[in-house]
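Taken straight from TrEMBL:
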- A:Asp53, A:Thr94, A:His144, A:Tyr148, A:Ser219: FMN binding site (BINDING)
- A:18-384: domain 'Luciferase-like' (DOMAIN)
2 protein chains.
Amino acid sequence: MTLGAMMFFPAGGQISSWRHPDANPQGLLDFNYYKNIVQTAERGKFDLFFYADELYVWDRFESGISHANSIRPEPITLLSALAAATEHIGLAATISTTYNEPYHIARKLATLDYLSNGRAAWNVVTSQTDEEARNFGRDKHLDHTNRYERAEEFVDVTQGLWDSWEDDALLLDKESGYFADKDKLHNLQHKGNHFQVHGPLNVARPPQGYPVLVQAGASEAGKEMAAARAEVVFALVSSYSAEGLLASQKFYEDLKGRMAKFGRNRDDLKILPGIMPIIGRTEEEARERLALTESLTPPQLGLDILSHHLGQDVSSYPLDEPLPFRPDIDQYNQSKTVLKGILDLIDKGLTLRQLYERVTNKRSLAGTPEQIADIMEEWFKKGAADGFNVSFSHLPGGLDDFVNLVVPELQRRGVFRTEYTGRTLREHLGLKRPANRYAKVRV
Amino acid sequence: MTLGAMMFFPAGGQISSWRHPDANPQGLLDFNYYKNIVQTAERGKFDLFFYADELYVWDRFESGISHANSIRPEPITLLSALAAATEHIGLAATISTTYNEPYHIARKLATLDYLSNGRAAWNVVTSQTDEEARNFGRDKHLDHTNRYERAEEFVDVTQGLWDSWEDDALLLDKESGYFADKDKLHNLQHKGNHFQVHGPLNVARPPQGYPVLVQAGASEAGKEMAAARAEVVFALVSSYSAEGLLASQKFYEDLKGRMAKFGRNRDDLKILPGIMPIIGRTEEEARERLALTESLTPPQLGLDILSHHLGQDVSSYPLDEPLPFRPDIDQYNQSKTVLKGILDLIDKGLTLRQLYERVTNKRSLAGTPEQIADIMEEWFKKGAADGFNVSFSHLPGGLDDFVNLVVPELQRRGVFRTEYTGRTLREHLGLKRPANRYAKVRV
């Protein structure tokens, strides 16, 4: 079983995790806070630490400024410092293809892969909001089709740059004075719709060949891209009931089934549903902790988050009635996957209050360590998951609980490692090191 | 006296430093190599570690690919990992304003400043070559005027983003649920010729207010920008003779004299001439080491470097005659400062061979520790320097020698610190923490 430790917000899995009595919001800009967390994840033998990101302060509503956890250290900067403080755990940086240049990103990820001895991963996202566009010289966010087209080309160029040095291109021969073998250094000379990049990269090919490619999109375009390229997919989960299991099995089969047409094996991609365990030593304690976690978000903030995901302000509608309209997903230009999840709830007749409570408190699973391990084992064994991307009601306490209570239970059942056996993240995940496109041509 | 430890190329101050018998080119992509170097600089009480950068492989000539030190870890990624391995030394990242976005750079530098507890600096450059342009979707490099205009606006926007959170804007009040004080969070809403950036930044104001601003340009536009904004200037030196001292005194006075019109004090800017000491225990050993260092660059590579800086291939001209033409600096779009240095040598009647030897082996000063300290002390006391940006014939050995032999000599003379007394880089340099533009408005 593959396990990712997810930092969705720096204080935990929820926008209001920072308010948890055991959270430490004073640490959000302090290296030791993050070091402690990622070292705990490493003690728990997690495959990777997964750091989410956005490129703006969510200030569409006043509640976002007043109440939301709106500061985030920049991913590459943070993960590189953490590489120096860890030895085994993979480090996944969320980086947008919409507001970056492939040469910079190829170089940063290659550098992180070197500095960490092969532990870098890239969570490819396309960003979501007009607010982000306005921080990068545009008025509006790129439309869905265009940003996926750009994302595909971005990943192509980046991987091309990683291949620009063959694995044995560096000679470093002091005596003869030959630093590199010119026949093994290649220009990319890419000219596409979105990018023109000549190359070569000024960092040699990364230890992993390519840093591991992570993705989360579950739209049609997102699934096609994942089947073609992704090595880890972070999947959203509607619930941990039998119905949720069935939906995840269906998603799992759908995605793995698409891989053959891209010449890939099912094992080349690990599907990790999200899970936010709320752990109690007893069921009652778990229920109490769940209630505490769900009480942290002020109602106005919850309502505004719902308005955000619906793409329109719904705060003037009656709280205890169903919404009197159903947003059009085709006209929508934020995450279609998130909107689809909300539409399913609208179709079930939830009231506005029920809706925002569900949207705010997503993916949590309250129970004893055994109950949580039961669900994880069942989903893993029944073809719904290759592992999980675990988030936490608050940090560092929620992670401490998981590592101290759930990980040993999974290890006892023989479904999770007791020691790291590999050296690189690819080795933890059982993924092949990709061949270099230019070396192949020579053979 | 302020001292910077400069890593011009990862293996040392010269393009062929990697060939030095005591260099360690196998370490160029290994974190421990850099960690060892920066920890040695910290042991030597250097104010800052200064990491140079370019955004391409210099492949204009075949010798560049075959012989030059053409790989460089990406600066922010490297320095952030080094922040985790050091406690006191400042960390200066070279970042181009021509091929970046201010929102990303403001965020990365703010993050580095937090993770290092106030030790981040930014060496602002505008890039130099068409090769770099071709890695970022353009055919030609921006012209000199345009790229300085862009650089000014870039720095403006970045500093505006650092001000977008007032210093006391974060409330982090779990009880009331208030994360931030909305009256102390500001949108930049910048709309300029080169950038449109709405803000605010999603990292709070850095510990230093603004990370320290470093600059190297010595063109007219570069000097004006430095006088207006820079806090550290890295200056090129023609020689360490009496003539070189005079030229540096003139540059020093020129630059400091320009500051008053921007409302700045002379002490708000530290001018650091470059120096590459070649240290021997005796004069003879120093001369031998100098000869060794100067023998490392193959003649063809030296000639090609000269051709690069002249903007045209001169390899077909006779080696032992002066160049039969003088390039036009007004039509030139790489570093005008470097070209001007070469033109001065051409005007002195140097042959082509002498020219490329001088261009390849720049800024070195061979002598005993006492002789090197003599020059440094003289320049410091005679108004030519506030300190030095020290580079090394090879790493880590050249730095080891400097820290073990020259630093104690400077300390004995009372011109250099024996312990760090400050906590942040600003404190090491004796620079004020800038006020927040929005906080000022309120008062």
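From the backbone N, Cα and C atoms, a Cβ is placed for every residue, glycine too.
A quick note: this is a predicted structure, and the numbers were derived from the prediction, not measured.
Distribution of TrEMBL features across the structure.
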{"residue": "A:Asp53", "record": "FMN binding site", "Cβ contacts under 8 Å, 6 or more apart": "A:Arg72, A:Glu74, A:Pro75, A:Ala93, A:Thr94, A:Ile95, A:Ser96, A:Val125"}
{"residue": "A:His144", "record": "FMN binding site", "Cβ contacts under 8 Å, 6 or more apart": "A:Ser219, A:Ala221, A:Asn333, A:Lys336"}
{"residue": "A:Tyr148", "record": "FMN binding site", "Cβ contacts under 8 Å, 6 or more apart": "A:Thr126, A:Gly217, A:Ala221, A:Gly222, A:Met225"}
On average, what pLDDT score does this prediction assign to the domain 'Luciferase-like' (A:18-384)?
95
Translate the DSSP assignment of A:His144 (FMN binding site) into the three-state scheme.
helix
If you count other CB atoms within 10 A of each CB, which of A:Thr94, A:Ser219 wins among these binding-site residues?
A:Thr94
Tell me, by DSSP, whether A:Thr94 (FMN binding site) is helix, strand or coil?
strand
Greatest inter-residue Cα distance in Å for the FMN-binding set A:Asp53, A:Thr94, A:His144, A:Tyr148, A:Ser219:
19
Mapped onto three states, the DSSP assignment of A:Asp53 (FMN binding site) reads coil
